[in-house]
(Lines of atoms letter the chains of each structure in order from A and count residues from 1; the text may use other names and numbers.)
(Lines give C-alpha, C1' and ligand atoms only; values in the text may rest on other atoms or scores of the structure.)
Protein backbone atom coordinates (compact mmCIF):
# COMPACT_ATOMS: atom_id res chain seq x y z
CA UNK A 1 0.00 0.00 0.00
CA UNK A 2 1.32 3.44 -0.97
CA UNK A 3 1.86 5.74 2.02
CA UNK A 4 1.15 9.43 1.48
CA UNK A 5 1.43 12.54 3.63
CA UNK A 6 -0.46 15.68 2.56
CA UNK A 7 0.77 18.91 4.14
CA UNK A 8 -1.16 22.18 4.00
CA UNK A 9 -4.52 23.69 4.73
CA UNK A 10 -7.99 22.39 5.38
CA UNK A 11 -10.96 24.76 5.14
CA UNK A 12 -14.72 24.55 5.37
CA UNK A 13 -16.20 25.15 1.92
CA UNK A 14 -19.63 26.78 2.02
CA UNK A 15 -20.85 26.23 -1.52
CA UNK A 16 -23.69 28.20 -3.14
CA UNK A 17 -25.05 26.92 -6.46
CA UNK A 18 -26.28 29.84 -8.59
CA UNK A 19 -27.63 30.28 -12.12
CA UNK A 20 -24.78 32.57 -13.11
CA UNK A 21 -21.69 33.94 -11.41
CA UNK A 22 -22.13 37.55 -10.20
CA UNK A 23 -20.78 40.27 -12.47
CA UNK A 24 -21.92 43.27 -10.44
CA UNK A 25 -23.05 44.23 -6.94
CA UNK A 26 -26.51 43.21 -5.77
CA UNK A 27 -28.45 40.37 -4.17
CA UNK A 28 -28.39 36.85 -5.58
CA UNK A 29 -30.40 33.73 -4.76
CA UNK A 30 -28.79 30.29 -4.62
CA UNK A 31 -30.67 27.28 -5.99
CA UNK A 32 -28.78 24.92 -3.66
CA UNK A 33 -26.28 25.03 -0.82
CA UNK A 34 -23.90 22.61 0.88
CA UNK A 35 -21.03 22.59 3.35
CA UNK A 36 -18.07 20.28 2.85
CA UNK A 37 -14.43 20.18 3.86
CA UNK A 38 -12.01 21.64 1.34
CA UNK A 39 -8.48 22.95 1.01
CA UNK A 40 -5.84 21.81 -1.49
CA UNK A 41 -3.83 19.40 0.67
CA UNK A 42 -6.86 18.10 2.56
CA UNK A 43 -8.84 17.31 -0.58
CA UNK A 44 -5.75 15.77 -2.16
CA UNK A 45 -5.54 13.57 0.93
CA UNK A 46 -9.12 12.39 0.44
CA UNK A 47 -8.40 11.63 -3.21
CA UNK A 48 -5.33 9.59 -2.27
CA UNK A 49 -7.32 7.66 0.33
CA UNK A 50 -10.10 6.97 -2.18
CA UNK A 51 -7.46 5.52 -4.48
CA UNK A 52 -6.35 3.06 -1.83
CA UNK A 53 -3.39 4.84 -0.26
CA UNK A 54 -2.65 5.04 3.45
CA UNK A 55 -2.86 8.78 4.08
CA UNK A 56 -1.95 11.27 6.80
CA UNK A 57 -3.02 14.91 6.72
CA UNK A 58 -0.60 17.34 8.36
CA UNK A 59 -2.04 20.78 8.97
CA UNK A 60 -3.61 23.22 11.42
CA UNK A 61 -7.15 23.89 12.64
CA UNK A 62 -8.78 25.87 15.42
CA UNK A 63 -10.53 24.36 18.41
CA UNK A 64 -13.92 25.52 17.11
CA UNK A 65 -16.87 23.57 15.72
CA UNK A 66 -15.55 24.10 12.20
CA UNK A 67 -12.25 22.49 13.15
CA UNK A 68 -14.09 19.56 14.72
CA UNK A 69 -16.11 19.06 11.54
CA UNK A 70 -13.08 19.32 9.26
CA UNK A 71 -11.15 16.64 11.13
CA UNK A 72 -14.18 14.38 11.52
CA UNK A 73 -14.86 14.53 7.79
CA UNK A 74 -11.25 13.72 6.90
CA UNK A 75 -11.33 10.74 9.25
CA UNK A 76 -14.62 9.59 7.69
CA UNK A 77 -12.84 9.42 4.32
CA UNK A 78 -10.07 7.28 5.81
CA UNK A 79 -7.52 10.08 6.26
CA UNK A 80 -5.53 9.99 9.51
CA UNK A 81 -5.34 13.38 11.26
CA UNK A 82 -2.99 12.41 14.10
CA UNK A 83 -0.40 14.97 12.96
CA UNK A 84 -2.82 17.90 12.67
CA UNK A 85 -2.20 20.68 15.20
CA UNK A 86 -5.13 22.32 17.00
CA UNK A 87 -4.79 25.89 18.25
CA UNK A 88 -6.64 26.98 21.38
CA UNK A 89 -9.23 29.75 21.10
CA UNK A 90 -8.66 29.87 17.35
CA UNK A 91 -10.94 30.06 14.33
CA UNK A 92 -10.50 27.53 11.55
CA UNK A 93 -10.24 28.63 7.92
CA UNK A 94 -13.23 28.68 5.58
CA UNK A 95 -14.27 29.62 2.05
CA UNK A 96 -17.42 30.87 0.35
CA UNK A 97 -17.80 29.35 -3.11
CA UNK A 98 -20.29 30.17 -5.85
CA UNK A 99 -20.80 27.57 -8.59
CA UNK A 100 -22.78 28.25 -11.76
CA UNK A 101 -24.75 25.83 -13.96
CA UNK A 102 -21.64 25.13 -16.08
CA UNK A 103 -19.65 24.07 -13.03
CA UNK A 104 -17.43 27.15 -13.02
CA UNK A 105 -16.81 28.86 -9.70
CA UNK A 106 -15.69 31.87 -7.69
CA UNK A 107 -13.87 31.21 -4.40
CA UNK A 108 -13.47 33.66 -1.52
CA UNK A 109 -11.06 32.19 1.03
CA UNK A 110 -10.64 33.28 4.65
CA UNK A 111 -7.26 31.98 5.88
CA UNK A 112 -7.59 32.22 9.64
CA UNK A 113 -4.83 34.40 11.15
CA UNK A 114 -5.25 32.42 14.37
CA UNK A 115 -3.41 29.46 12.82
CA UNK A 116 0.24 30.35 13.31
CA UNK A 117 2.59 29.73 10.36
CA UNK A 118 5.38 28.22 12.47
CA UNK A 119 6.28 24.71 11.29
CA UNK A 120 9.16 23.77 13.57
CA UNK A 121 6.90 21.24 15.28
CA UNK A 122 7.11 19.11 12.12
CA UNK A 123 10.64 18.20 13.24
CA UNK A 124 8.99 15.79 15.68
CA UNK A 125 7.50 13.75 12.81
CA UNK A 126 9.36 10.89 11.11
CA UNK A 127 8.96 11.62 7.40
CA UNK A 128 10.68 8.40 6.36
CA UNK A 129 7.41 6.55 7.01
CA UNK A 130 5.89 7.81 3.73
CA UNK A 131 6.52 7.02 0.07
CA UNK A 132 5.54 10.50 -1.07
CA UNK A 133 4.89 13.86 0.59
CA UNK A 134 2.52 16.30 -1.12
CA UNK A 135 2.25 19.92 -0.01
CA UNK A 136 0.19 22.91 -1.05
CA UNK A 137 1.53 26.47 -1.06
CA UNK A 138 -1.03 27.91 1.35
CA UNK A 139 1.11 27.00 4.38
CA UNK A 140 4.49 28.02 3.03
CA UNK A 141 6.52 27.31 6.16
CA UNK A 142 4.90 23.91 6.52
CA UNK A 143 5.62 22.95 2.91
CA UNK A 144 9.25 24.09 3.18
CA UNK A 145 9.88 22.19 6.41
CA UNK A 146 8.04 19.06 5.23
CA UNK A 147 9.89 18.95 1.91
CA UNK A 148 13.24 19.51 3.61
CA UNK A 149 12.60 16.64 6.02
CA UNK A 150 11.21 14.41 3.27
CA UNK A 151 14.23 14.93 1.03
CA UNK A 152 16.56 14.20 3.93
CA UNK A 153 14.69 10.89 4.30
CA UNK A 154 14.84 10.14 0.56
CA UNK A 155 11.08 10.56 0.12
CA UNK A 156 9.48 11.87 -3.10
CA UNK A 157 8.01 15.40 -2.92
CA UNK A 158 5.05 16.70 -4.94
CA UNK A 159 4.07 20.39 -4.91
CA UNK A 160 0.59 21.75 -5.61
CA UNK A 161 1.73 25.02 -7.15
CA UNK A 162 -1.42 27.11 -7.06
CA UNK A 163 -1.44 30.89 -6.97
CA UNK A 164 -0.31 32.58 -3.75
CA UNK A 165 1.06 36.05 -2.89
CA UNK A 166 4.34 34.53 -1.68
CA UNK A 167 7.32 33.62 -3.85
CA UNK A 168 7.33 29.82 -3.99
CA UNK A 169 10.68 29.45 -5.76
CA UNK A 170 12.26 27.71 -2.77
CA UNK A 171 9.38 25.22 -2.64
CA UNK A 172 9.77 24.47 -6.34
CA UNK A 173 13.48 23.85 -5.79
CA UNK A 174 12.62 21.28 -3.11
CA UNK A 175 10.10 19.49 -5.36
CA UNK A 176 10.64 16.28 -7.28
CA UNK A 177 7.37 17.10 -9.05
CA UNK A 178 5.85 20.60 -9.17
CA UNK A 179 2.37 20.73 -10.69
CA UNK A 180 1.14 24.28 -11.21
CA UNK A 181 -2.21 25.83 -12.00
CA UNK A 182 -2.09 28.37 -14.84
CA UNK A 183 -2.40 31.34 -12.44
CA UNK A 184 0.19 29.80 -10.12
CA UNK A 185 2.71 29.31 -12.92
CA UNK A 186 2.15 32.81 -14.29
CA UNK A 187 2.56 34.31 -10.81
CA UNK A 188 5.79 32.39 -10.22
CA UNK A 189 7.46 33.16 -13.55
CA UNK A 190 5.89 36.45 -14.61
CA UNK A 191 5.24 34.80 -18.00
CA UNK A 192 1.69 34.45 -19.32
CA UNK A 193 2.42 32.10 -22.24
CA UNK A 194 2.32 28.67 -20.64
CA UNK A 195 4.96 26.90 -22.76
CA UNK A 196 7.53 29.58 -21.99
CA UNK A 197 6.46 29.77 -18.35
CA UNK A 198 6.91 26.02 -17.96
CA UNK A 199 10.46 26.24 -19.32
CA UNK A 200 11.16 29.11 -16.93
CA UNK A 201 9.88 27.06 -13.98
CA UNK A 202 12.15 24.18 -15.00
CA UNK A 203 15.19 26.37 -14.33
CA UNK A 204 14.21 26.46 -10.65
CA UNK A 205 14.28 22.71 -10.03
CA UNK A 206 15.96 19.47 -10.98
CA UNK A 207 12.54 17.83 -10.72
CA UNK A 208 9.66 17.65 -13.19
CA UNK A 209 7.26 20.54 -13.84
CA UNK A 210 3.63 20.38 -14.96
CA UNK A 211 0.81 22.86 -15.57
CA UNK A 212 -2.88 21.98 -15.37
CA UNK A 213 -5.14 23.99 -17.68
CA UNK A 214 -8.67 22.81 -16.94
CA UNK A 215 -10.47 21.84 -20.13
CA UNK A 216 -7.22 22.36 -22.08
CA UNK A 217 -5.58 19.44 -20.28
CA UNK A 218 -2.14 19.16 -18.70
CA UNK A 219 1.33 19.91 -20.08
CA UNK A 220 4.68 18.86 -18.63
CA UNK A 221 8.33 18.73 -19.61
CA UNK A 222 10.06 15.39 -20.08
CA UNK A 223 13.33 14.47 -21.80
CA UNK A 224 13.74 18.04 -22.95
CA UNK A 225 10.35 18.19 -24.67
CA UNK A 226 6.86 19.42 -23.90
CA UNK A 227 4.27 16.67 -23.41
CA UNK A 228 0.48 17.00 -23.40
CA UNK A 229 -2.44 15.10 -21.90
CA UNK A 230 -5.84 16.25 -23.24
CA UNK A 231 -8.65 16.71 -20.75
CA UNK A 232 -11.31 13.99 -20.77
CA UNK A 233 -14.72 15.20 -21.89
CA UNK A 234 -17.40 14.71 -19.23
CA UNK A 235 -20.69 16.34 -18.26
CA UNK A 236 -19.35 18.90 -15.78
CA UNK A 237 -21.45 19.60 -12.70
CA UNK A 238 -18.90 21.20 -10.36
CA UNK A 239 -15.17 21.87 -10.83
CA UNK A 240 -14.59 22.64 -7.15
CA UNK A 241 -11.56 20.72 -5.93
CA UNK A 242 -10.67 19.30 -9.35
CA UNK A 243 -7.10 20.55 -9.20
CA UNK A 244 -6.67 19.29 -5.64
CA UNK A 245 -7.96 15.87 -6.64
CA UNK A 246 -5.59 15.84 -9.62
CA UNK A 247 -2.62 16.45 -7.33
CA UNK A 248 -3.62 13.73 -4.88
CA UNK A 249 -4.07 11.24 -7.70
CA UNK A 250 -0.81 12.31 -9.33
CA UNK A 251 1.09 11.70 -6.08
CA UNK A 252 -0.37 8.20 -5.76
CA UNK A 253 0.30 7.35 -9.41
CA UNK A 254 3.88 8.63 -9.34
CA UNK A 255 4.62 6.66 -6.18
CA UNK A 256 3.06 3.57 -7.78
CA UNK A 257 4.52 3.55 -11.29
CA UNK A 258 6.86 6.50 -11.70
CA UNK A 259 5.89 6.83 -15.37
CA UNK A 260 5.02 10.47 -16.00
CA UNK A 261 2.63 10.08 -18.96
CA UNK A 262 0.79 7.20 -17.30
CA UNK A 263 0.56 9.12 -14.02
CA UNK A 264 -0.75 12.31 -15.64
CA UNK A 265 -3.35 10.35 -17.62
CA UNK A 266 -4.51 8.57 -14.48
CA UNK A 267 -4.72 11.79 -12.46
CA UNK A 268 -6.59 13.51 -15.30
CA UNK A 269 -9.15 10.71 -15.32
CA UNK A 270 -9.67 10.94 -11.57
CA UNK A 271 -10.13 14.72 -11.75
CA UNK A 272 -12.55 14.46 -14.68
CA UNK A 273 -14.78 11.99 -12.85
CA UNK A 274 -14.79 14.22 -9.77
CA UNK A 275 -16.29 17.03 -11.86
CA UNK A 276 -19.38 14.95 -12.66
CA UNK A 277 -20.80 15.38 -9.14
CA UNK A 278 -21.29 18.42 -6.89
CA UNK A 279 -18.86 19.28 -4.11
CA UNK A 280 -15.12 18.92 -3.90
CA UNK A 281 -15.04 15.32 -2.65
CA UNK A 282 -18.29 13.42 -3.26
CA UNK A 283 -17.41 12.61 -6.85
CA UNK A 284 -13.86 11.36 -6.26
CA UNK A 285 -13.66 7.87 -7.82
CA UNK A 286 -11.74 4.86 -6.57
CA UNK A 287 -9.12 2.99 -8.64
CA UNK A 288 -11.57 0.55 -10.21
CA UNK A 289 -13.93 3.33 -11.31
CA UNK A 290 -11.01 5.29 -12.73
CA UNK A 291 -9.60 2.35 -14.68
CA UNK A 292 -13.06 1.56 -16.05
CA UNK A 293 -13.43 5.18 -17.16
CA UNK A 294 -9.97 5.29 -18.75
CA UNK A 295 -10.66 2.06 -20.65
CA UNK A 296 -13.25 4.00 -22.66
CA UNK A 297 -10.48 6.16 -24.12
CA UNK A 298 -7.96 3.53 -25.22
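Here the Cβ of each residue, glycine as well, is placed from N, Cα and C on the backbone.
The ATP site recorded in Swiss-Prot comprises 212, 214, 217 together with one of 184, 243, 248, 258, namely 243. Taking the binding-site residues 39, 217 in turn and counting surrounding C-beta atoms within 10 angstroms, the largest count is reached at 39. Summary for the binding-site residues 95, 212: the Cβ-based neighbour count within 10 Å is maximal at 212.
Comparing C-alpha positions, residue 13 (6-deoxy-6-sulfo-D-fructose binding site) sits nearest to 243 among the binding-site residues 212, 214, 217, 243.
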